[in-house]
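Annotated in TrEMBL:
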| type | residues | note |
| --- | --- | --- |
| REGION | 1-31 | region 'Disordered' |
| COMPBIAS | 1-18 | compositional bias 'Low complexity' |
| DOMAIN | 45-80 | domain 'FCS-type' |
| REPEAT | 141-245 | repeat 'MBT' |
| REPEAT | 253-349 | repeat 'MBT' |
| REPEAT | 351-456 | repeat 'MBT' |
| REPEAT | 464-560 | repeat 'MBT' |
| REGION | 558-592 | region 'Disordered' |
| COMPBIAS | 563-573 | compositional bias 'Low complexity' |
| REGION | 606-628 | region 'Disordered' |
| COMPBIAS | 609-620 | compositional bias 'Polar residues' |
């Protein structure tokens, strides 16, 4: 891609030896495009001999890299455009960002400086028009600084199959080269240079301009899915200038030789990368669609809600009866909390009928195929029954796994679960879990995996023992074989950073850390907050996102709580969260009791060997087994 690239006549007093430009490029996965030695590269427009200005668009570059024998144009397209009628009027119209007209007058040739200034203004106008999503800045917080200053590691994009590019991220890794804007340049036009990925953190990449070797002084973070990141070769095909950073412009006498040696055989982004990013950010849910969603004030029932907005696949749902549109609920489009209209009736789930007798103008039911499909189950044989005991994540206190009871068996594998000792008399806080849900577990799951189990409120016989409790309540444990035992190869590790929804306040997406891994179950800690606000979340939850997701989608990111907020958590912050009562967005029902980790007594139960904080993503046995 370097044919026709001549060296600049730069001062050689500060140039490096040729050995520096012969460093081998570290091998990378072969699925990414390999940069070959063909094409064109532009170099630093220093105004000296050997430089040229395109007479069509005003682009400055190396004369020998320009098109045609006269070297008057930077590309074939400019040459052809110039050959059309009203040549000079067309030039000026393009520079001013206006389409030429048939009656345009032929004007005098503009000086180079005027051309560059007009072209810079034109480029800025185009850039502003092209911005479809603006990154949401978080004052005082930068993922790059946060990761660099603490040597954190972020979960890779491939861990999040529901996120943009989650299934087609490929082998983007350290060492991949890209073309990015050159910010170390005093030219009035927007120019580019080649940079390599030094470190990846989710969507964010720490980049270093080619030629800086081990000098990190100008390293910078950017979102790799941003509109200014391109595969190597994009500038040549788009007629954009490649300009070395001013800091190192005198480092090499022959930039062509340097780039050939550095880039030949290296990896870059796929040529259709930006197209894939755009396609992965198209969401099927549209505003005004009607859905059934859990009633946040009565978890045992659903209500009709209308999609008010869609951001990055997250839906702001407004309950249909809310006149001022303030009674809302946030969830992802793949959330198990939303369903098609008619779902509740089809499985026998409680449903709050709307006072609105007919659909409002413009509202329409979301097609059933848009919703996540649950795994089919066979309830014909041995199946869950009312009264069976199990362990379940408390939907009103997601930091706790509690003693629970199956209160009702619905159709299609759905179960109504109640938390022992804290159920409302009318069952309004029963919660619907599917039989394959990763949020319900067989009796003994917590003990064998060394997780604190929350006993029923008011239960005095501590430490809690399942054997005694089942005997006292004359209950049986749900059979282990009925639970979901699949453990995907999720790729998470303890300490990884990510962006996670605070499911107690689901409109918030926060800076978070994986602190424990029990097979497919993740303990999510919200940075800057006390451990009691941690939440148990499944590894495939649609409420977890890679670092940089908020910036990519335009969602507001909640930074770690500052020190002043941490100091006051025990007062105002806690009181605020505890005041949310029975709503599915933030009620801490009780402080979990500290229980000793002991094996269950009795002959009816025996345990399979398990491990705590299991990071091997295999399907290790971690359930209690009930003897015949």
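Yeah, the Cβs are placed from backbone N, Cα and C, and that goes for glycine too.
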Please identify the stretch among 141-245, 253-349, 351-456 with the greatest number of Cβ pairs below 8 Å relative to the repeat 'MBT' (464-560).
141-245
Looking at the domain 'FCS-type' (45-80) alone, can you tell me the average pLDDT?
62
Can you tell me how the residues of the repeat 'MBT' (141-245) break down into helix, strand and coil by DSSP?
16 helix, 30 strand, 59 coil
